[in-house]
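Listed in Swiss-Prot:
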- CYS56-CYS59: disulfide bond (DISULFID)
- 28-221: domain 'Thioredoxin' (DOMAIN)
- 1-27: signal peptide (SIGNAL)
Amino acid sequence: MSAKWINSIFKSVVLTAALALPFTASAFTEGTDYMVLEKPIPDADKTLIKVFSYACPFCYKYDKAVTGPVADKVADLVTFVPFHLETKGEYGKQASELFAVTMAKDKAAGVSLFDEKSQFKKAKFAWYAAYHDKKERWSDGKDPAAFLKTGLDAAGMSQAEFEAALKEPAVQQTLQKWKAAYEVAKIQGVPAYVVNGKYLIYTKNIKSIDSMAQLVRELATK
């Protein structure tokens, strides 16, 4: 067997190994595709959290085309959990309260947050459309009742029903949990996607729905 032929085989083996490497090694890098939070979100194992605000244009865009498909692709590993950011927008507090109530209503009814019947989804997209498409500002913070009415009407809920549900312990617990959203949002703004409460995805480096889902799957099993 000639030395030249042996060398040719060796090169072929090395090339084959190099080509196989991307399929066996991680395609994602800490510091480039994601970061580890110094202060993890508590009680968030096996979740994909999205920190968002009704007043965030990119949150609206992601919710129209990205969030649902990604959540669906990773549903076998993580549960999607929205965290509304109370500190953004003139009516962040009112939005958080109705979102927490509608999430509880959807859960009790066994309705997915992505379902067209979801009260959470109806209120969210009513505010998104009013704020970003119609440029509605509800008197710039001076008319919380009008802002709330937009969400309530979309969700098909009365003011009395909302006020009663807001007092429920589960709703108050959700609002308390959402306070952790502020520290996460300070890092790169919103939307902010967090896997298992500790891995923050760098949204600027998301290439596609499939690659984002792949990253979530990898982080969920770390």
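Keep in mind that glycine also has a Cβ here, set from the backbone N, Cα and C atoms.
Given the structure is predicted, the values throughout are model-derived calculations rather than measurements.
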(request) Count, for each of the disulfide-bonded residues CYS56, CYS59, the other C-beta atoms lying within 10 angstroms of its own C-beta, and report the residue with the smallest count. (result) CYS56
(request) Find the average pLDDT over the domain 'Thioredoxin' (28-221) in the predicted model and report it. (result) 98
